[in-house]
Amino acid sequence: ILIRFAYTDLLSAGQFFRFQPRLTKCLSVKNSHFKRMEYSQLLPYIPLSIVLIVPALSGIYQLLFTSLRSPIHFQQGIRDTTPWRSALSGALVAVSPFVCALPLSSASSLFLYPIGYVIAAICSAFIFSPTLHYIPSPSICQYLFLRFHLNILRQGVVLIHILLISSLSTLLLVYSTSFIAQISKLSPLIVCPLIAYFGAFSMIFGGQTTIAAPTFFIPFIMIFVGIGVLAYKGIDNLWEIFEDMNIVESISSTPVWIAFSLGILNGLHLIIASPLLYQQYFSLNTKQRLRNSLILHALFFLLFSISLLSTSSIYASFLESACPRFASFASMLAFFDFVLPTKENFSYILAACHILMTTISFSFTLLSLSTLIWEDIFRATVTVHSQIRQLHIVQVGLLAAGTLIMACSMTVIYYGGDFLTYAPFAFISLSTLASPITALCLCSFILPCTNLKGAIGGLMTGYLGIGLLSLIHFRASVILFPMGECLNATSITTTSRALEAVKIDNSTLISTLSTSTSIASELPSLFMYSLRTVPFSLFPLVAFLISCLSMIGISLCFGGEDMMALDWNLIACARLAHVVLRHRTITARSRRGFIESESFRYAQQTPYPDTSYLNTKADPFLEREKLT
């Protein structure tokens, strides 16, 4: 454009002289290259440009208009957060792993997953919201310290959460990088650092204030526009799919109910046990606003899930009609061209809207990870420094976390093979690792008899059961994944031996992970045979049940919890427990929510709230109860 304007100005001024023929020829060549570059070569870079511009705008706005003075400002923001903003950001974070697993899944096997998640979210909103609001810390792991008064248990759970969030961040970054690298032909060495550092830049100057900024709307508007266009253009194909689908047969199948149980477990984990969603709602100042936020979160998640499942169904139908049933990022771009055949450039915009779901979620995972590490590991050791220096430590920690996750992502890209082949496996693996923590928090919330020995024993038994079950299962079977190319898709090549081990004709998220090929001899024990044949998609439910049963059994065997020393505000439905147990010593402090202890408004006036009451050695309530 600048060359054209300069050329016009030179023509009007008459300053060509003897250079006019040569300049005219040169500019005509440049104009022809400009047109060719504009319509053919620049289109693949549209997704990368949008994915980088959106976080850049957010980071620049926070840099110019947000003034943070302490870590608590970074963690809970300096502006009031409305429930629907927290719900929307939390729904995007919750649905992001689902996005990565959907290219190899079908709606007929997963349509009950969002139903299970919504049931868990709504039940948590009415049952656990008072207890969640009572936790006086930016870290949800502080609940375990208040409940069991043992720092080692809290630190162990913190390390597991760090592993889970880091793995999820790596999964999201690998998905975004692989998608953009394949459709733009850029090297992952360029794409991965750009996405990682721009995502960190969008959060480093504002923290939780980001969701209260005007730039918060930009990615969600683009995501909803992309979802709406796909739903509008593909409604005819979707209706044909629903007509061909046998609802009764689908509901009666085992994979559907496995997906339903998986939705319930993931919903419980994210709402009552995970720092990912707690980061979004812990600064809400009333229990009613927290309850409303969780209900809106369930509705937004249902909207996202239905849209993604509908798109996945149309995409599967497109693959069946266009090529063998192999998924790839190039075939996804071809699918967008199929939806909008007359709008070549709009297909890349749809791809960018799809990628934004994972890149924005990646930024929120970095925020949750930095808050968790700071609050539970480093804050107690750097209290001698000023508040502004502590804030700088948190910001540097966020940047360091993004750098480490970027390094892990690039390692996975270059040494992990084709990403889409193991994305469902990673999704189920994360759910399996999170199940014992879900069982621990659920038993702590609803069972007053759960004591410290039961909590530690149940958690260790759950992870020991996962290890033994995985060892037995994977020594006797091989997980099958589809691999291949579609529509000239570019994917990482594999050897013929590896291809034979993973190649199948048809796959879904649940049925693929439930399918295995025996490579071991017959086991003599019926019990060992039953353990060997447990499908991998059932591992989260099995780990959850093992942890729950062992926690309850160990707690009852060791006499249960001391009811006199128990803070009943940490128990959900404490009044029901009072009626059932009929114990006169069941007392409760006045419910003091987070807003009244280290609140958003209090943080605006002082650098950091006083949290000395969290020290159990000087807890007057426990001392008074022990004396009486």
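Just so you know, glycine gets a Cβ as well, placed from its N, Cα and C.
Just so it is clear, the model here is predicted, and its values are computed rather than measured.
Residue ranges 454-474, 475-495 are listed, and TrEMBL annotates 454-474 among them as transmembrane segment. Looking at 290-310, 563-583, the range tied to transmembrane segment in TrEMBL is 290-310.
Long-range contacts of the transmembrane segment (211-235) within its own chain (CB-CB distance under 8 A, at least 6 residues past either end) are made by residues 50, 54, 57-58, 61-62, 65-66, 77, 79-82, 85-86, 88-89, 92, 280, 304, 307, 310-311, 314, 339-340, 346, 349-350, 352-354, 356-357, 360. Most Cβ pairs under 8 Å with the transmembrane segment (346-372) belong to 42-64, among the candidate stretches 42-64, 84-104, 186-205, 422-447, 536-558. Away from its own ends, the transmembrane segment (422-447) comes close to residues 97-98, 100-101, 103-105, 127-128, 131, 143-144, 147-148, 157, 160-161, 163-164, 167-168, 171, 175, 262, 265-266, 268-269, 272-274, 416, 454-455, 458-459, 462-463, 466, 479, 481, 509, 512-513, 536-537, 539-541, 543-544, 546-548, 551-552, 555, 570-573 of its chain (Cβ-Cβ under 8 Å, at least six residues beyond either end). Between the transmembrane segment (111-132) and the listed ranges 42-64, 84-104, 152-174, 256-278, 454-474, the one holding the most Cβ pairs under 8 Å is 256-278.
Contact count against the transmembrane segment (84-104) (Cβ pairs under 8 Å) is highest for 256-278, out of 152-174, 256-278, 454-474.
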